[in-house]
Amino acid sequence: MASTNSPSLPLLPILLSAYFLFSAAANFNQDFQITWGNGRAKILNNANLLTLSLDRASGSGFQSKNEYLFGKIDMQLKLVPGNSAGTVTAYYLRSEGSSWDEIDFEFLGNLSGDPYIVHTNVFTQGKGNREQQFYLWFDPTADFHTYSFLWNPQRIVFSVDGTPIREYKNLESIGIPFPKRQPMRIYSSLWNADDWATRGGLIKTDWSKAPFTASYRNFNANACVWNAGKSSCKSNSPSSAAPATNAWLSQELDSTAQKRMNWVQKNYMIYNYCTDRKRFPQGLPLECTHS
């Protein structure tokens with residue numbers, strides 16, 4: 001990786017305080033339902049904490065009760081500690097059907113002391129193949145960190161602790177589909193993917209370390225809830241609600257946030273489909289040359 005010359009990370013809350021605001025603790029019983037795992041997923045601490053676990057028999061998962069069509073969504077996660085090789089913690093938005101839209105964070109486990117890989121992807125109308133992968137600049141297993149999606153009609157921004165790491169812009173003007181017509185739920189799961197997750201499947205899950213556990217807290221969705229074919233936002237514009245609460249609908253990266261994203265991509269990005277000419281010998285995807 002390249003040199004990490006950058007504004008010091010302690011300045012980050014000041015630099016980006018206007019960009020991402022975090023909420024008080026969520027009530028997981030109110031906002032989510034456990035969908036699988038046969039008791040391996042647990043809601044604890046007066047519904048302020050949710051844990052997923054994985055053992056040889058099964059993983060576990062949950063989903064939001066609400067569907068959303070645009071939003072700024074934050075969740076704090078503490079990932080599986082120690083030897084997490086072979087495990088994947090997925091946290092994503094997804095719509096229903098065979099031509100689904102999806103916005104992904106996936107956290108690929110690794111051997112003790114080796115870095116997690118943060119895998120991101122965007123699907124439109126059932127088509128993905130837009131992977132970007134990153135290391136993190138901290139240990140994501142030692143404490144909780146905030147992972148955020150900003151999804152509005154103009155762009156999707158993936159952020160970690162308020163630092164944007166990826167932006168996917170709406171380029172419908174040149175014929176590239178953008179997720180803006182299908183409401184999505186929030187999903188998360190912890191599962192075994194040792195056939196591919198760690199070093200392409202070379203490193204297998206060490207079941208002697210099971211159960212593996214990931215933890216969640218402080219969910220916040222400043223978002224348009226979709227219910228019975230209608231949005232809780234009157235229109236997809238900042239004026240449809242109080243500007244202070246709905247400004248995310250037209251939010252873009254300011255110069256400071258753009259510099260932070262560039263710093264992350266220079267120093268911590270380890271894969272970018274937009275530079276993988278071997279994978280796309282007929283030419284890189286169109287959005288790669290226009291964004």
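In case you wondered, yes, glycine gets a Cβ from its N, Cα and C as well.
Taken from TrEMBL, the feature active site, nucleophile covers Glu102, Glu106. According to TrEMBL, the feature active site, proton donor maps to Glu106. Positions annotated as domain 'GH16' by TrEMBL: 2-216. If you look up TrEMBL, you'll see Asn110 marked as N-linked glycosylation site. Taken from TrEMBL, the feature signal peptide covers 1-25.
For Asn110 (N-linked glycosylation site), the Cβ neighbour count at a 10 Å cut-off comes to 20, with all displayed protein chains included. For Glu106 (active site, proton donor), applying a Cβ distance below 8 Å and a minimum sequence separation of six or more within one chain yields Val88, Thr89, Ala90, Tyr91, Tyr92, Val118, His119, Thr120, Asn121. A mean pLDDT of 89 is what the model gives for the domain 'GH16' (2-216). The local packing around Glu102 (active site, nucleophile), expressed as other Cβ atoms within 10 Å of its Cβ over all shown chains, amounts to 19. A straight line from the CA of the residue listed as 'N-linked glycosylation site' to the CA of Glu102 (active site, nucleophile) spans 25 Å.
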